[in-house]
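So that you can see what the record holds, here are the features copied from TrEMBL:
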| type | residues | note |
| --- | --- | --- |
| ACT_SITE | ASP329 | active site, proton acceptor |
| BINDING | GLY210, ARG273, GLY274, GLY298, ASN299, GLY300, THR301 | ATP binding site |
| BINDING | ASN299 | Mg(2+) binding site |
| BINDING | THR327, ILE328, ASP329, MET372, GLY373, ARG374, GLU428, TYR480, MET481, ILE482, ARG483 | substrate binding site |
| DOMAIN | 203-504 | domain 'Phosphofructokinase' |
| SITE | GLY300 | site 'Important for substrate specificity' |
Amino acid sequence: MGRFPFFGTKHDMPYIDGHLSLSLSVPCIFSTMGPAISPRLLLPATTSDRVSFHATIRSGVDRPNVIRIFKRNPYAAASAEMKAAVDFGDPDWKDKYEHEFEKRFNIPHMTDFFSDAESYPSTFCLRMRTPVSEDFAQGYPSDEEWQGYIDTNDRVLLKVIRFSSPRSAGAECIDPDCTWVEQWIHRAGPREKIFFKPENVKAAIVTCGGLCPGLNDVIRQIVITLEIYGVKKIVGVPFGYRGFGKEFAEIPLTRKVVQNVHLSGGSLLGVSRGGPNVTEIVDSMQERGINMLFVLGGNGTHAGANAVHNECRKRGFKVAVVGVPKTIDNDILLMDKTFGFDTAVEEAQRAINSAYIEAHSAYRGVGVVKLMGRSSGFIAMQAALASGQIDICLIPEVPFELHGPHGVLKHLKYLLETKGSAVICVAEGAGQNFVEKTNAKDASGNVVYGDIGVHIQQEIKKYFKEIGDPADVKYIDPTYMIRACRANASDGILCTVLGQNAVHGAFGGYSGITVGICNTHYVYLPIPEVISYPRTVDPNSRMWHRCLTSTGQPDFI
Ligand SMILES: Nc1ncnc2c1ncn2[C@@H]1O[C@H](COP(=O)(O)OP(=O)(O)O)[C@@H](O)[C@H]1O
Ligand SMILES: O=P(O)(O)OC[C@H]1O[C@](O)(COP(=O)(O)O)[C@@H](O)[C@@H]1O
Ligand SMILES: [Mg+2]
């Protein structure tokens, strides 16, 4: 089969060792995708634990045979760690696996840490005709007959497809027979017993990282729900974790304050990156008497929230720390999507449509749109799918060449000759091998990337000038526009449910958890499970294949 140069990010490389010869010996499937593409050799992913092979075989002397290696879907990789410990020869392996999974996805509870943790009948009661009384002198307004509580033993299935074969598209199998294994996670919602007396609660909300549509919607719902439980002391911590510094004053929050905040984008509380360390944050919480903390943020923020949770446990400080995953990048593991993502994709349509109109109206017009997505191309992929106006979608997970016979520029030339115009959508983290490394990091330690959008725009101009063909290139960078806007209706609903569930989780006595949507149901997850690495687009997923089908783009390798 000739020579097999390997392509992949540094991140992929550790998974390659030792799997190649095994995987190449297994049966393969041939399929063709998109115009002008060679057959693809798709090898069953499960045979090589964490990688899937995606081989493009082309004949011709100019081009060596190529095998590209992609990291598997992150969750598949996560379960690979569990798989490694499984002895499939053991007749009870499935039961043991399910049991181990249950343990891993257990959500930390007050009673795990405090033997004296007391519970009370819930004060969350939707049959109230009047607001909860000031001092609870008459007792709590509970209603034990109400059928609105979630049984703590309720579970939601994490994986809902029963794959019959490891060869089935996107199959995630645990054993070579693709045995059906049940993976249950905790159902979110109000519990009948609560572990905080509302009059003893001081709740704080903090929003960290970059902006995201829907932050205000979540803040609003948290405040409203806390008030329904009877909490009177609710504050906002300004400017992310930085707000725990002494120089910042808390922002008092009430239903009245938050009533209309969801009508605008941004965060009522402000956001920031960087800030004090965990010890300082917990010191500040103790000084301020905060015993319920709602943390809205992405991977970094959740790492912080989990560290705060652990530090509180270490100090014997009875606090509920509950996260609400926020990121337009949609790079959090295990959930259907994060809030704000849908809105960002919708907002991106305006930029794509403008790029299309500009390109289509010009003589040999090319529109280039750069969209956010630091390490994952979800926004670019979904925006391309939604618009139907993208000819080339470039994401960080899929390597590509700009120059050469199979490069993006050659295909662009083909598009201008056949269609007359073309639109490219590129995620900010894509093609970083082409741009100069800045070595810069932001205040949170995230790498600051070089501008791939500007680079592509310049390369297109240079290329067409060199070959003497006209091309009218228009570049649009809607970066901050797609995340500074107000949440759309679907995100508005998601934020509402997540905000309410965050409060139910805290009152239910859980801490070190985050809320999410999984197979359309709402769940609680232990924080470490959702942040072990950023979720990325699986190049062998049905969704990426659908995107390729829609754009009609070939491989650019
Ligand atoms: N590993 C970590 N442990 C503790 N705090 C962290 C960690 N990573 C990031 N943070 C803090 O979380 C906040 C947000 O992180 P950042 O990466 O900027 O955004 P996001 O949470 O959206 O990923 C920052 O204030 C940062 O200091
Ligand atoms: O310019 P900023 O505020 O650092 O934000 C840029 C980053 O924000 C992001 O949308 C991710 O933000 P989060 O880390 O807050 O999820 C990335 O796509 C982008 O790299
Ligand atoms: Mg982040």
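Just so you know, glycine gets a Cβ as well, placed from its N, Cα and C.
Where the annotation comes from TrEMBL, it is an automatic prediction and has not been curated.
Positions of the features from TrEMBL, shown on the structure.
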| residue | record | DSSP class |
| --- | --- | --- |
| GLY298 | ATP binding site | coil |
| THR327 | substrate binding site | coil |
| GLY373 | substrate binding site | coil |
| GLU428 | substrate binding site | coil |
| MET481 | substrate binding site | helix |
### From binding-site residues GLY210, ARG273, GLY274, ASN299, THR301, the one whose Cα lies nearest ARG483 (substrate binding site)
GLY210
### Task
Among the binding-site residues THR327, GLU428, MET481, report those whose Cα falls within 10 Å of that of GLY210 (ATP binding site); none is a fine answer.
THR327
### Query
Once near-sequence residues are set aside, which residues in the chain of GLY300 (ATP binding site), 6 or more away, have Cβ atoms under 8 Å from its Cβ?
CYS208, GLY209, ARG273, SER444, GLY445, ASN446
## Note on the structure
Checking the recorded positions ARG273, GLY298, ASN299, GLY300, THR301, ASP329 against ligand 3, those whose Cβ falls under 6 Å of one of its atoms come out as GLY298, ASN299, GLY300
### Summary
So GLY210 (ATP binding site), by the Cβ count within 10 Å over all chains shown, scores 22
### Message
Tell me the Cα distance separating ASP329 (active site, proton acceptor) from GLU428 (substrate binding site), rounded to the nearest angstrom.
### Response
11
### Summary
Running the binding-site residues GLY274, GLY298, GLY373 through a 10 angstrom C-alpha radius around the residue listed as 'active site, proton acceptor' leaves GLY298, GLY373
### Summary
Close to ligand 1, in the sense of Cβ under 6 Å, among GLY298, ASN299, GLY300, THR301, MET481 as binding-site residues, are GLY298, ASN299, GLY300, THR301
### Between THR301 (ATP binding site) and THR327 (substrate binding site), the C-alpha gap once rounded to whole angstrom
10
### Message
If the criterion is a C-beta within less than 6 angstroms of any ligand 2 atom, which of the binding-site residues GLY274, ASN299, THR301, MET481 pass it? List them in sequence order.
### Response
none
